[in-house]
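Q: This is the structure, below, for whatever I ask next.
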Amino acid sequence: MQALLQEILDHVHPLLAQGQVAQYIPALAQVDPNQLGIAVQSLDGQLHCAGDAHTPFSIQSISKVFSLVQAINHSGEDIWSRLGYEPSGQAFNSLVQLEVEKGRPRNPFINAGALVICDINQSRYATPTLSMRDFVRRLSANPRIVSDAVVAESEYEHRARNAAMAYLMQAFGNFHNDVDAVLRSYFHHCALSMSCVDVARGFAFLANGGLCPHSGEQVLSRRQAQQVNAIMATSGLYDEAGNFAYRVGLPGKSGVGGGIVAVVPGRYSICVWSPALNASGNSLAGLRALELLSERMTGSVFSAIS
């Protein structure tokens with residue numbers, strides 16, 4: 001496994017020069033694009049990694065999965081009265097669709113949907129930022145995970161479009177808490193700093209029917225884990241989810257920090273990171289690495305069982 005992972009990283013390394021780090025978040029624009037790491041966590045506890053797998057990075061939209069799981073934990077099916085689970089077919093920060101559909105976001109992985117989920121969690125937790133941090137620490141078995149205050153503040157200073165979404169949803173009666181407070185929580189979630197190892201371990205419960213393999217905690221029911229994986233498969237990579245399903249064939253979630261996490265139900269959770277992005281905001285080398293790994297080792301969830 002170790003040799004295979006290193007071989008894949010060597011193969012995709014030339015792609016680092018073809019992507020570009022996220023420019024619209026100033027703190028992320030300073031990240032060295034020549035970094036590349038991968039970690040594979042098996043359900044029997046084995047961890048395999050290569051490259052910069054232990055280097056922390058800003059998980060950004062990967063945090064939307066953790067937020068969704070928190071909301072499902074305390075509110076269950078009730079959350080779907082406020083948002084859907086359909087692909088949007090629009091940019092992740094589109095206002096047009098939100099206006100047409102009267103403030104009800106298509107799914108929890110576009111920005112408007114993630115803000116609704118944060119609004120739901122804001123009503124539940126006295127300190128949402130700390131609750132999220134502690135939740136992620138528990139899932140990843142790493143008590144040192146923190147949110148990068150510099151990144152969070154950088155995002156807050158460029159909050160206009162996200163604030164516009166929140167106020168638009170508030171106008172339609174679908175946003176209940178103080179907009180500024182929810183935005184603060186949202187940006188601190190996005191600014192969580194985790195390594196490939198942390199993320200792969202933190203998502204292992206979704207490969208294991210909702211059961212965290214290292215702690216024995218039933219994070220979600222088996223059915224709920226299936227549902228989260230389904231939304232990741234249809235909506236997890238911005239407007240490139242179809243491409244990811246076609247090329248990789250696994251439930252996944254990406255972030256503009258360059259991370260992509262993927263789940264192989266019953267087998268593995270995987271995280272790859274390279275901050276050089278393609279035009280859709282997904283890691284260029286990361287996508288190709290996961291495609292090669294799917295071909296060589298994991299297989300697609302759409303494959304026939306042999």
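First residue shown is number 1, and so on along the chain.
Even glycines carry a Cβ here, placed using N, Cα and C.
Heads up, here are the entries from Swiss-Prot:
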{"type": "BINDING", "residues": "S61, N111, E155, N162, Y186, Y238, V256", "note": "substrate binding site"}
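Situate these features within the shown structure.
A: In the three-state DSSP scheme, Y186 (substrate binding site) falls into the helix class. For Y186 (substrate binding site), the same-chain residues lying six or more positions away in sequence with a CB closer than 8 A to its CB are A114, L115, C118, N162.
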Q: Please report the number of other Cβ atoms within 10 Å of the Cβ of V256 (substrate binding site).
A: 24
Q: Over all shown protein chains, what is the count of other CB atoms within 10 A of the CB belonging to Y238 (substrate binding site)?
A: 22
